[in-house]
């Protein structure tokens, strides 16, 4: 019987050979050590330019050597670059930045998020400032979990407490009012002090609804407050229930009515990270239901949107082609395919995308597949990481030298076209290499990070479980740093083992809540039996964010995964029901 391979991040490298002889255009092999140093130099050129010219603004403007705020003046580039510093080995700067963030970042400001609403994921999905803050939550969580490794003096009770964790929780709580809708799917914008503004549009893109489970489940596990994971799960389930009869989802939906507003279906902008988080959430939480949901979507995607190893846009109810284009954001898909073991299809699709890179020296935002050229007004390349991300995943899985060639080409192209005196500038037009005055924070968080990890096979992120740290917490011994890191959509690594460190606190809180609900239920029933009346009526448990009634809250509790007893010294990525599990790799029966 055939097997399916599920690969938690960074673990497959343990069993597969790494080939460092990728041929260059002159027949020579790109030297990983050489390009690793080139990537490190790229990082510091951009990072130092930001500190000298733009801090404390959110982003650097490299052509004018100054900064500007795009998300509310939270020094976003600094937060996004924090874990990259540690991956590059700069412990002292990591420690310094942690202190700076604790002293300077304040989320309690009166900002209407829609003022800063922008096209952060490319085309067709206005996610807004609050969505970016979800990724900021991921950056803070990642830095919190990496603090001890970076030599930061952590407080008693870490990783279940700490200043960066409190910052992440504060930021996440500002988002919870957005989930207070009849469907449990969140609004696209929220005011940081006053919640959702009256008259706010209820139309949100699919990615803006389905990109929470990694950060919010981690936050719930560490803090013991289940509300974050609860609202994320409800949002995911409502999207799943809203799919069409042929198994596809659209691009934008009304979160009040649950009706689709934009019915184009694909794997790119407006949808992408929804699929990404089903897979990563399944691996992080060992959740079979999330993986089953993605695999069902994957069947529909192959049946209706895939043509000759390209993925087009189709009408979600009919499956008819609506846009025969490739978007640069779709280049994450081969990496996602590798995580479910679909290596052959992943490589074929990757090679298609790589031909576009070779044609232009980067990926244009839109590429017309039949015409083989850019789409008007979509010719730019803002230094996105998605194709490099896929190369990193696939190289860990296969050792194919072609993937190192892409890394080499990316370094050469970005340095030749985009490098300026004060950092790296967005490429406004790949046809003539005109530049735009912006360096988005994901360049340091994702693009440089994935490039460096592609050329650094011994990085701690690629740990195969042969080394780990045993940490004592108030809830018992905890194993950390064993590998299998899950990257959120902004490439901030989350240690999956950490979710078990504070589990007892979480489970005890759930038990207390369940006992309280049972107590008041019995009290209410007894009151009804005795036919007594109370002026205020019987007590009802409050509806949590993302629910419209206490019945919906009951539904959330019922859907919460059953408790699983996890041995202290077990692999941090626990297996699904499997045929074989070896060094973090899980081999599943494909049936």
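In case you wondered, yes, glycine gets a Cβ from its N, Cα and C as well.
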Task: Given ranges 487-530, 531-574, the stretch to which TrEMBL attaches the annotation region 'Disordered' - done: 531-574
Task: residue 489 (Ca(2+) binding site) and residue 386 (active site), Cα-Cα, nearest whole angstrom - done: 10
TODO: Could you tally the C-beta atoms, other than its own, that fall within 10 angstroms of the C-beta of residue 272 (active site)?
DONE: 28
TODO: Sorry to bug you, but what's the C-alpha spacing from residue 489 (Ca(2+) binding site) to residue 365 (active site, proton donor), rounded to the closest Å?
DONE: 18
- [ ] Please report how many Å separate the Cα atom of residue 272 (active site) from that of residue 489 (Ca(2+) binding site), as a whole number.
- [x] 10
